[in-house]
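Taken straight from Swiss-Prot:
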DOMAIN    26-191  domain 'FAD-binding PCMH-type'
ACT_SITE  Arg170  active site
ACT_SITE  Cys218  active site, proton donor
ACT_SITE  Glu287  active site
Amino acid sequence: MKASTVIRFPFSVRRSVWLNKYSTFRIGGPANYFKVVHSASEAQQVIQFLHSHNYPFIIVGKGSNCLFDDRGFDGFVLCNGIQGKEFVSETTIKVYSGTSFSFLGKTLSSSGYSGLEFAVGIPGSVGGAVFMNAGIGNQDTAAVIESVEVINSKGEILSYNTEELGFGYRTSRFQHCNEFILSATFRLSRNSSSVKIAKDLLRNRLLSQPYQQPSTGCIFRNPPGNSAGKLIDEAGLKGFSLGGAQISPKHANFIVNTGRATSQEVKQLIQIVQDKLKSQGINLEEEVRIIPYQLP
């Protein structure tokens, strides 16, 4: 079904919602239809309906790794607002995907649980962390995942174990399908030093990354054995700007919105960086999720 087709939804939706309000980049035009779901049953109903009508849609969480188009999105944006957590054993916790990943890491480390200290300061949701296999250095989400619950195209809830999740460096199976991540179960351990570890990681992030300006975090994946930020800096592009988009003077793997950046300016800046590095024999892949106005 075309996104322009007038459709009657059997649930409440909002129309022409500006996506810049749902992106940490503060960029993006209006979505045709927009809905925040707060429960599994609500998500099941929406997903089943959209799939059965072959209606184009995307799933977003806190929008911390999304670059929306200036024109918006010609389709349905399903925003995940399902939050909550529960311990299923002394050191195993099930967390719903709309929960803040950073807040989860802070809460657990403050309570003496280790495993997710690295999450403190990562601005996305638990679902986003699973989707991207978020991490820092040699620590990532995959290392502490026990299982993930999803909602499939039929509205059914399925569970995947770690081996079925296709985890790799900043990647997972979910980047190649449109399954709705419902929850993740994490394996933790007890560690009295966890709160100090989390604080040290957060301090280093605040010192090295431009948290005061809108961005989506790292724009590029690190090439094997190297640092994208270091390579961009060495190429002389640190601080380079195009319109309202700028390669951060603080961390060269961040593009920041200095006030009125457009998605087109950000994409052009990404291309400039890629072309410059390619001339040196280095291919940089985007880590940011670039969402087109219309799905292919």
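Heads up, the Cβ atoms here are built off N, Cα and C, so glycines get one too.
Keep in mind that this is a model prediction, so the values were computed, not measured.
Across the fold, the C-alpha of Glu287 (active site) and the C-alpha of Arg170 (active site) stand 7 Å from each other.
A straight line from the CA of Arg170 (active site) to the CA of Cys218 (active site, proton donor) spans 11 Å.
Using a 10 Å radius centred on the Cβ of Arg170 (active site) and all shown protein chains, the other Cβ atoms total 20. The number of other CB atoms found within 10 A of the CB of the residue listed as 'active site, proton donor', across every protein chain shown, is 20. Just so you know, the Cβ of Glu287 (active site) picks up 20 other Cβ atoms within 10 Å once every protein chain is counted.
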